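**Q** Pasting in a structure now, in structure tokens, and then I'll have a few things to ask.
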């Protein structure tokens, strides 16, 4: 089986330089949603028909999921763009004669693989199967014209008679059929219609004339066949998607303070008794352990947060690729925020405290370590029970290379210190507040590295 995705349209009503199919829904391009769904159908190949912004569209989806899913992603271009039938004609040289073809639209992102499997089953090996739906207001859609219960044709809005425009069953833009018949029917298309285009929907009348059964698989879920032609439609579909995700999470036992104020732009996996406050955004792959609490207005990307951890409001967690060394890990019982920032490579152990306006990047903090206020830890290895003072930073970059700072167990760093890497502070050592430390320090020592305090009596400030 081959899957053909039409993605050539300009999307004039989007009023954007970005090709329509590359606008984002739930953090992924519209077209990527469709490609990812096609990946679940055991297809031999996916053929994407591009046109407007072809190079940009092709670059955006090339290499995504195809090889790992066991099929190829190929591109053909529709230039000029002379209608949906003309678009699919461009894919003909890549289609096998002995297989089935599923035709999808790149701007209909929420079609589900299960629905497509039902459509494919309805087509069997010898039928033309159309995915249809009833709309109270069918304006703009091709109408399904029947004689009795038998589908006879699809009539586009501009070509429909007043009687046909009263029909509420419409074509979704999705079909499944044998490749051999598709090729034959595409060769018979003409432009004798109100728009002067080659309509893919005209193949229905050819199927009827040739005695090929035409079946309509009707669904009720309008979000699955909703297209995106404007920012208004995109926003509406985004809300529909997020509402569905929120419902699924709540059915799994997640406590959402307000399901209407949640955004999941990837995969969110939650254990038992997780609670999420309002206006939180989850991107990439995020895993929340049992009893995790997420405060309001947090943004969390590619992170694993262990049981009992609390992420206070306005915390940003910015992990790298899932499964890589740059993914963020937060240990059990950790307390993060408010207003904390965990960047790629932050690995926090059990009961670690990261407080307000603390930034951690590419650093490992062992059990019980604390940095509670106004601090930076970059490229650092922090031992158990370390206390890192307010206003302190690791100076990890020399202008060309990054260097590591090691704080061994039970170290105490006073406020407003600068630790210039590479540097090791020995176990149990203390660094006095305001110190700039450039050399390794021995275990258990107090290190003070600051200018001597001088008070000048009767000092008079300059005046104009």
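Cβ atoms are placed via backbone N, Cα and C, with glycine included.
Checked Swiss-Prot, it gives:
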ACT_SITE  373  active site, proton acceptor
BINDING   20, 78, 83, 84, 105, 106, 107, 142, 156, 229, 343, 361, 376, 387  UDP-N-acetyl-alpha-D-glucosamine binding site
BINDING   107, 229  Mg(2+) binding site
BINDING   390, 396, 397, 415, 433, 450  acetyl-CoA binding site
REGION    1-231  region 'Pyrophosphorylase'
REGION    232-252  region 'Linker'
REGION    253-464  region 'N-acetyltransferase'
**Q** I'd like the Cβ neighbour count for residue 376 (UDP-N-acetyl-alpha-D-glucosamine binding site), meaning other Cβ atoms within 10 Å of its Cβ, all protein chains included.
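**A** So the number of other Cβ atoms within 10 Å of residue 376 (UDP-N-acetyl-alpha-D-glucosamine binding site) is 21.
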**Q** About how far apart, in whole Å, are the alpha carbons (Cα) of residue 83 (UDP-N-acetyl-alpha-D-glucosamine binding site) and residue 415 (acetyl-CoA binding site)?
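**A** Answer for this pair: 68 Å between alpha carbons.
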**Q** Taking only C-alpha atoms and a 10 A limit, tell me which of 229, 396, 397, 415, 450 are near residue 20 (UDP-N-acetyl-alpha-D-glucosamine binding site). These are the binding-site residues.
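**A** If one measures from the Cα of residue 20 (UDP-N-acetyl-alpha-D-glucosamine binding site), the binding-site residues that come within 10 Å are 229.
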**Q** Which of the binding-site residues listed here (343, 390, 397, 433) have a Cα atom within 10 Å of the Cα of residue 373 (active site, proton acceptor)?
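**A** Checking Cα-Cα distances against residue 373 (active site, proton acceptor), the binding-site residues within 10 Å turn out to be 390.
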**Q** How many neighbouring Cβ atoms, not counting its own, are there within 10 Å of the Cβ of residue 396 (acetyl-CoA binding site)?
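**A** By my count, 23.
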**Q** Could you check which of these binding-site residues, 390, 396, 450, sit within 10 Å of residue 107 (UDP-N-acetyl-alpha-D-glucosamine binding site), going Cα to Cα?
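**A** Within 10 Å Cα-Cα: none.
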**Q** With every protein chain in view, how many other Cβ atoms are within 10 Å of the Cβ of residue 107 (UDP-N-acetyl-alpha-D-glucosamine binding site)?
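**A** Residue 107 (UDP-N-acetyl-alpha-D-glucosamine binding site) is surrounded by 26 other Cβ atoms within 10 Å.
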**Q** Let me know the most crowded of the binding-site residues, choosing from 20, 390 and counting other Cβ atoms within 10 Å.
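**A** The residue with the most neighbouring Cβ atoms within 10 Å is 20.
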**Q** On a C-alpha basis, identify the one among 105, 229, 376 that is nearest to residue 396 (acetyl-CoA binding site); the candidates are the binding-site residues.
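**A** Its closest listed neighbour, by Cα, is 376.
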**Q** In sequence order, what residues of the same chain, 6+ apart, have a Cβ less than 8 Å from the Cβ of residue 156 (UDP-N-acetyl-alpha-D-glucosamine binding site)?
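**A** Once residues fewer than 6 apart are set aside, residue 156 (UDP-N-acetyl-alpha-D-glucosamine binding site) is near 142, 193, 194, 195, 199, 201.
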**Q** Measuring Cα to Cα, tell me the gap between residue 415 (acetyl-CoA binding site) and residue 229 (Mg(2+) binding site) in whole angstrom.
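**A** Distance between the two Cα atoms comes out at 55 Å.
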**Q** How many Å lie between the Cα of residue 390 (acetyl-CoA binding site) and the Cα of residue 229 (Mg(2+) binding site)?
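**A** Distance between the two Cα atoms comes out at 51 Å.
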**Q** Spatially, and counting Cα to Cα, which of the binding-site residues is closest to residue 229 (Mg(2+) binding site)? Options: 105, 376, 397, 450.
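**A** Given the candidates 105, 376, 397, 450, the nearest one is 105.
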**Q** Consider the binding-site residues 105, 343, 376 and say which one has the Cα lying nearest the Cα of residue 450 (acetyl-CoA binding site).
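**A** Given the candidates 105, 343, 376, the nearest one is 376.
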**Q** Return one of helix, strand or coil for residue 20 (UDP-N-acetyl-alpha-D-glucosamine binding site), based on DSSP.
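**A** For residue 20 (UDP-N-acetyl-alpha-D-glucosamine binding site) - judged by DSSP and reduced to three states - the answer is helix.
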**Q** For the UDP-N-acetyl-alpha-D-glucosamine site made of 20, 78, 83, 84, 105, 106, 107, 142, 156, 229, 343, 361, 376, 387, how many Å separate the two farthest Cα atoms?
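**A** Result: 70 Å between the two most distant Cα atoms.
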